[in-house]
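Noted in TrEMBL for the protein shown:
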- 1-265: domain 'DhaK' (DOMAIN)
- D42: substrate binding site (BINDING)
- H150: active site, tele-hemiaminal-histidine intermediate (ACT_SITE)
- 305-498: domain 'DhaL' (DOMAIN)
Amino acid sequence: MLTAAICGDVFASPPVDSILAGIHAVTGPMGCLLIVTNYTGDRLNFGLAAEQAKSEGYKVEIVIVGDDCALPPPRGIAGRRGLAGTILVNKIAGAAAAAGLSLADVAAEAKRASEMVGTMGVALSVCTLPGQVTSDRLGPGKMELGLGIHGEPGAAVADLQPVDVVVSHVLKQILSTETNYVPITRGNRVVLMINGLGATPVMELMIAAGKAVPNLQLEHGLAVERVYTGSFMTSLDMAGFSISIMKADEVILKHLDATTKAPHWPVGVDGNRPPAKIPVPMPPSHSMKSDESLGRPLQLSQQGHVLEVTIEAAAEAVVNLRDRLNEWDSKVGDGDCGSTMYRGATAILEDKKKYYPLNDAAETVNEIGASIRRVMGGTSGILYHIFCKAAYAKLKASSKSGITSKQFSKYGGATAGYRTMLDALIPAAAVLQERLSAGIDPSTAFILSSEAAIAGAESTKHMQAQAGRSTYISPEILASVPDPGAMAAAAWYRAAALAVKDMYQAS
């Protein structure tokens, strides 16, 4: 199967540095294939890590898996989520690699497999994020249909139904000729995977499998060649399961049947297994520069003092908003926005004491980006890192930044009106530029632009999401909650503006 797996924080994609460390650890002369589930943070972080690895001379290919069949197209720019069908793609790609195929051929096999599989999930309970109170969004006697793997709400809530009714509904969704998500028609051979979401006993998974096989045979006219049952891709302690169906042919079956020493694949081989952990040297925590002049200056200039107070105010605003952000995100995402932002804010507050050359605005912004890149992960982490890189390049008046807005567009793609943090930052930037051009003093322009940021963030309540995990949430739920990422951006921006205003009034 896989040679390495890169872990992020709970329900968040790993940061670029972690992915690079993984690539460095396992990639030989044949190259490296990254198999990435289709979520914005994963695409951004893995995409930028791949670009960096290529610039270092590594051969790297990426295959994106989006096997979700719960929602009708289109899904904004986000597309279909990567779900448990990714496990089958991993197995097929791993077997192809073990057979000695070239990187291009392994990537082609993985891509073909990803286009043959469809998945849909059903949940009977909400998962518990470590250290947080479990959401009560799912009342007694209810179940969620069409959910992802990050604890986010499903596409629909329904009354509990007998397992055969649920299985029949899920199979019809996956095999629907209207959405045509999988190229499976009567007479085809298929592989079935029943995947537990973390708190479902094996016996119950077997019951679901027992209902699914005859349904596929009798109702849909399909030949079920293989059945895999177990907990392959879970959502912490969520009760429920997902069903994946993959169109099978001799090549796919050969790869699925290939022996593996992966401990939890249902059909393995005996013998010694590779070590579960490989020591990997991580990149330095802070700026890669060898210039030891960087660091907190002994004496702060006026600009350095303003910058320090502004950074503190912005970071503390995010720290204080953690629980509210998590609460909003539990309704429209995966419940960790506040925790992710909190990690970034606390790292900034800590690193500021020692590493930030506050008298140099450009290098300080660059160091803020390094703090964020080290600890945040997820979509917001990589986006804020990119923003810091762009700001650093602008402040340095240099066109030689390592990360460009073109790369951001390639792997991200959101803009104003998509229900993201940009709905706070774009109005703020527009008002700031407009007021400064009109000759208004900078601190007043900053305050006015922060009001635009707050208004922009609040307006996300009325937007249908077209990027990020909110894309998969019903409009009714979205209308009750603003976008957490936009609210976080507006909060730190507003706090920074007020800090600047207070300083200038005091002087």
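Each residue's number is its place along the chain shown, starting with 1.
Keep in mind that glycine also has a Cβ here, set from the backbone N, Cα and C atoms.
Automated prediction, rather than curation, is the source of TrEMBL annotations.
Model, not experiment: these values are computed from the prediction.
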Measuring Cα to Cα, how many Å separate D42 (substrate binding site) from H150 (active site, tele-hemiaminal-histidine intermediate)? 13
Whole-number mean of pLDDT values that fall within the domain 'DhaK' (1-265): 93
Checking the recorded positions D42, H150 for other Cβ atoms within 10 Å of each Cβ, the smallest tally belongs to H150
